[in-house]
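Participant: Below: one structure in structure tokens.
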Amino acid sequence: MGNPGDRVSLGETWSREVHPDIDSERHSPSFSVERLTNILDGGIPNTELRRRVESLIQRDPVFNLKHLYFMTRDELYEDAVQKRFHLEKLAWSLGWSEDGPERIYADRVLAGYNNLNLHGIAMNAIRSLGSDEQIAKWGQLGKNFQIITTYAQTELGHGTYLQGLETEATYDATTQEFVIHSPTMTSIKWWPGDLGRTVTHAVVLAHLICLGARHGMHAFIVPIRSLEDHTPLPGITVGDIGPKMGFENIDNGFLRLNHVRVPRENMLSRFAEVLPDGTYQRLGTPQSNYLGMLVTRVQLLYKGFLPTLQKACTIAVRYAVIRHQSRLRPSDPEAKILEYQTQQQKLLPQLAVSYALHFMTTSLLQFFHSSYSDILKRDFSLLPELHALSTGMKAMSSDFCAQGTEICRRACGGHGYSKLSGLPTLVTQAIASCTYEGENTVLYLQVARFLMKSYLQAQVSPGSIPQKPLPQSVMYLATPRPARCPAQTAADFRCPEVYTTAWAYVSARLIRDATQHTQTLMRSGVDQYDAWNQTSVIHLQAAKAHCYFLTVRNFKEAVEKLDNEPEIQRVLQNLCDLYALNGILTNSGDFLHDGFLSGAQVDMARTAFLDLLPLIRKDAILLTDAFDFSDHCLNSALGCYDGHVYQRLFEWAQKSPANTQENPAYKKYIRPLMQSWKPKL
């Protein structure tokens, strides 16, 4: 499990002893926390490397996080830029590779607190969409920070709907340049991170126009600021968009382009190029230009969304064994709030979601790495499935993380509202993830289109026409299933085969219903686009069920592979059961709709769910310890490893500048008002 002393890293001298209420939770563990940590990390070497990197970060005073809660917006920005460049110097000195695990582990500690993350996203876009020559040129400049880049896609008037973007790139054959222009107010690029005050270049998404013909969205490298004095270049209007709900350290910006010229070579050209005379040549599918977004979404799953919920669970569960409230019996002392079933019902499903998403993300990463190299070689056969999986998992993961972090915050009562708990920061980070890199409803509907096509493909009679095999993730659509659930007792609902089959049945039924509703409208004469719009709510429901089914099935399969770890397999099986049953109870109407489940069976599922809560509660602290977040990484007064919540809250509050600075409002307003009443007293 590592050295517990390494986890208590915030410097309080009184924190060398662990609070007995949390210490008792770690006595006589039912499984090896250290071994589960190794499994989550993908092996002992990864755990050891991650801890070395985290220890390096935590010992460096530049990476101190404690003071951030008391900083102004400008101070947060400057501090985050300093952290990023200090990290780069550290990486260079230690020989870390650009895409190596060390940087991922460093980001795990500093997540949300270091700037220039969009520089990495823009570099990924260049590596995904650029030619070998462009990668050699721009990749090296970006790696050395000779240029600083952002990815400029979203506009004031459009975001997820890429075809609606208005920025134009018109090719001028006489000069062999592209003229990049924002033709309307709504075409101003809006929201790109680091654009407001920092970057020198942007990867700009714009509609390509050649010889009067439009060829869809393409990516262009556009200089934004002078490399000499950082002033905006001619034709560039750029700035900061102002305060936001969160991420106040990041200078999200706007960019207006007024006929800005860039060389022909600045269009990223792995999958399409414009010849000197203006002839357009496509070298891939139209969807291949979205590959940069796909890479970003996959990375966000394990670098952004998942750690946010894992941290929130760790904080809330630890606080729940320190906080005592009311009595279970009149003669008892006040109980830990985690003893209450209602608190377990709030927190333990979030813990189950954290583990379910971990194994789903691991599986998706494996599929991504196996197919990405083929896509770069212009083999696009797996691109539709990879797009559907990454899009669906982005939507579901960010939705669940946003919901889960807020549930964890509320479960901590009033103290959860304090920034010192660390939870408000996690909540605002998670909420933002539901709309950046694609608004989730739109993303679910993209998945739904893939599902409708797959369902129709699955219904084609064998041998009638040449048929491509169904993608692996939707092969279940062609598999017959019983029309009724066979479960007869609550214990039956703890059988993975029972609930996995139930989820497969309901997902397939919803996909079928959505498709048939759309087709019925079209047969009645409704235009296909109107028919889609009029059934989009049903399609949305089907896409969500499909994504949930995939995580249930994947979690089940991941647990089955742990036969050589029986203690860990047991506790993870409980979490898998809880995840599947919580989804069934939350969406019980879908399972009752056509009688697949009866009302009595839903009651059985609820009994099975409630029976799981005390079993998982016994291991809850150990399951959060297995995430192996240090105190530095959590930056939470409520969630520290030692459990000294109240001392830490009080000590941190003393650091507020309001406690040491003179109160100007007293002289200006309070004292004059109070003195005006003196003669009357």
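Counting begins at 1 with the first residue displayed.
Glycine is no exception: its Cβ is also placed from the backbone N, Cα and C atoms.
What Swiss-Prot records for 1-28 is region 'Disordered'. Residues or ranges marked as phosphoserine in Swiss-Prot (evidence: similarity to another entry): SER9. If you look up Swiss-Prot, you'll see THR13 marked as phosphothreonine, on the strength of similarity to another entry. Per Swiss-Prot, compositional bias 'Basic and acidic residues' is recorded for 14-28. As annotated by Swiss-Prot, N6-succinyllysine applies to LYS66, LYS137, LYS303, LYS453, LYS561, LYS667.
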Participant: Given the modified residues LYS137, LYS303, LYS453, LYS667, find the one whose Cα is closest in space to the Cα of LYS561 (N6-succinyllysine).
Facilitator: LYS303
Participant: For the modified residues LYS137, LYS303, LYS453, LYS667, which Cβ has the most other Cβ atoms within 10 Å, all shown protein chains included?
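Facilitator: Its Cβ has the most other Cβ atoms within 10 Å: LYS303.
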Participant: On a C-alpha basis, identify the one among LYS137, LYS303, LYS453, LYS667 that is nearest to LYS66 (N6-succinyllysine); the candidates are the modified residues.
Facilitator: LYS303
Participant: Find, among the modified residues listed as LYS66, LYS561, the one whose Cβ has the highest number of other Cβ atoms within 10 Å in the structure shown.
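Facilitator: By the 10 Å Cβ neighbour count, LYS66 comes out on top.
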Participant: Return the member of LYS137, LYS303, LYS453 nearest to LYS667 (N6-succinyllysine) in space, with distance defined Cα to Cα and candidates limited to these modified residues.
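Facilitator: Nearest listed residue in space: LYS303.
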Participant: Can you give me the Cα-Cα distance between LYS303 (N6-succinyllysine) and LYS137 (N6-succinyllysine) in Å, rounded to a whole number?
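Facilitator: The Cα atom of LYS303 (N6-succinyllysine) is 27 Å away from the Cα atom of LYS137 (N6-succinyllysine).
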Participant: Roughly how many Å lie between the Cα atoms of LYS453 (N6-succinyllysine) and LYS137 (N6-succinyllysine), rounded to a whole value?
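Facilitator: Answer for this pair: 41 Å between alpha carbons.
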